[in-house]
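Engineer: I have a structure here, written as structure tokens, and I will follow up with some questions on it.
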Amino acid sequence: MAKPEPDVVIPEGDSSKGAKLFKSKCAQCHTINKGGSVKQGPNLYGFYGRKSGASDYAYSDANKNSGIVWSDKHLFVYLVNPKQYIPGTKMVFAGLKKEQDRADLIAYLKEASSK
């Protein structure tokens with residue numbers, strides 16, 4: 001069963017700022033290019049609209065069973081504190097507290113994961 005989307009309002013994001021955030025906060029563990037390698041975390045290419053835990057990566061049961069279909073709203077809340085949003089996730093990232101940083105990163109992820 002799909003997890004309902006959170007009821008949040010997301011500011012407009014800037015993908016160029018999001019690219020910088022991805023490089024500094026995410027690229028140590030993730031790639032986002034088509035055919036990119038799996039690092040400590042999964043390649044994020046094409047993850048928008050996909051069920052959490054659905055790609056070629058050894059996801060935790062928590063991710064596989066979360067019922068999340070990745071969208072802007074799910075990401076916006078998830079990125080505040082991944083371990084709180086999906087208890088039991090392998091994601092070790094502490095999160096992004098600033099709304100604008102999350103909006104910028106989401107704009108970049110959405111753009112880069114579909115190129």
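Including glycine, each Cβ sits where the backbone N, Cα and C put it.
Residues or ranges marked as heme c binding site by Swiss-Prot: C26, C29, H30, M91.
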Engineer: Please give the greatest C-alpha separation between any two of the heme c-binding residues C26, C29, H30, M91, in angstrom, as a whole number.
Structural biologist: 11
Engineer: For C26 (heme c binding site), write down the residues of its own chain that are at least 6 apart in sequence and whose Cβ falls under 8 Å from its Cβ; none is a fine answer.
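Structural biologist: Listed in sequence order, they are F93, L105.
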Engineer: Using a 10 Å radius around its CB, how many other CB atoms surround M91 (heme c binding site)?
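Structural biologist: Its Cβ shell of radius 10 Å holds 21 other Cβ atoms.
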Engineer: Which residue, out of the binding-site residues C29, H30, shows the minimum number of other Cβ atoms inside 10 Å of its Cβ in this structure?
Structural biologist: C29
Engineer: Within the same chain, and leaving aside C26, C29, H30, M91, name every residue whose CB is within 8 angstroms of the centroid of the CB atoms belonging to the recorded heme c site, in sequence order.
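Structural biologist: Result: A27, Q28, K39, Q40, G41, L44, F93.
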Engineer: Would you mind pulling the DSSP three-state label for C26 (heme c binding site)?
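Structural biologist: Its secondary structure by DSSP: helix.
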